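As given in TrEMBL:
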| type | residues | note |
| --- | --- | --- |
| ACT_SITE | Cys90 | active site, nucleophile |
| ACT_SITE | His165 | active site, proton donor |
| DOMAIN | 9-228 | domain 'UCH catalytic' |
| SITE | Gln84 | site 'Transition state stabilizer' |
| SITE | Asp180 | site 'Important for enzyme activity' |
Amino acid sequence: MSGDDDSSGWQLTESDPGVFTELLKTLGVPLVVDDLYSLDSASLAELQPLHALIFLFKWVAGQSSEPSSGGQYDPEFPGFFAHQVVNNACATLAVMNSIANIPGLQMGAQLSELFSFTQGMDPQTCGMALTSSDWLREAHNALSPPSAISLDGLDLPRTSEDAYHFVVYIPYAGSVYELDGLKEAPVRHGEYSEGGEGWVAKAREVIEARIATYPPGALEFSLLAVHDDPIPRLQEQLSQLQAAGHQSEASELVVRLATENSKRERWAFENSLRRHNYLGFIHALLLGMAKAGTLDAVKDGAKKAFQERIEKRKKGEAMDED
């Protein structure tokens, strides 16, 4: 969940797989995050080994504190669980609650020391320890747009924006758990079978039950998968196939590798856009328009359009997101 009242220096980040993957890379964790558009067996099989599912949904104030989808609170959960104690840290907290419960996971020295420091802490204190970490906050904020322009003091009309929240589904000690930083404790959704699809079959059942509580056609949620980086495995398989002279199968892997590498390049480009400060560009653009004599007309048009939006708001009509 995000908001303006208690950010404690944590800036808002996007729910984007490229953002999550870059954060994991910064933390020294060799995992990637991908959008998940379907919970069918084939889609999930492509992402194995799958370590966690991050569910993003529209948060509504006053929601019941009872566990969702028939689960039960497990106050004796022996793994890692941190409460969300400040706004805007929700995305990174979801990542922490995910990766801290993956046995034997490789991670950077700072992150390893932080998790060691929080051992034995209650969820509230654990959440405070995470959000008080300067280096973790800096890693989080590095993927947020720079706040170069402040609109404070301009008496602009206040708008109520929807808030979204992240929860995590993980396998732990033979059961599927839901880790929600706004809940009092982890929610245990029952044991899963080691055969077949393993824990993801149980997780699918729980998540689909939760999605079913939304109106048909609702688009107020999304799902992200935390899984092993497939590139090292694909590269190894490609070398083996080429050495064995299986060129047809090798060609298929070349295409898959190219797709993965193209995706990483796109993520890197998009993250560079997120980090970029556009103030200089905006200043140069306005200066050029002023010299060309077109600034006043554009300014008047913008004022008119903005006033129309305010009138629509007063009448209760939906405002365009432009």
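Every residue gets a Cβ built from N, Cα and C, even glycine.
The predicted model assigns the domain 'UCH catalytic' (9-228) a mean pLDDT of 88. Within 10 Å of the C-beta of Asp180 (site 'Important for enzyme activity') there are 23 other C-beta atoms, taking all protein chains into account.
Put simply, Asp180 (site 'Important for enzyme activity') is 10 Å from the residue listed as 'active site, nucleophile' when counted between their Cα atoms. Spacing of Asp180 (site 'Important for enzyme activity') relative to Gln84 (site 'Transition state stabilizer') is 8 Å (Cα to Cα, whole number).
Sorted by the number of other CB atoms within 10 A, the recorded positions Gln84, Cys90, His165 start with His165, the lowest.
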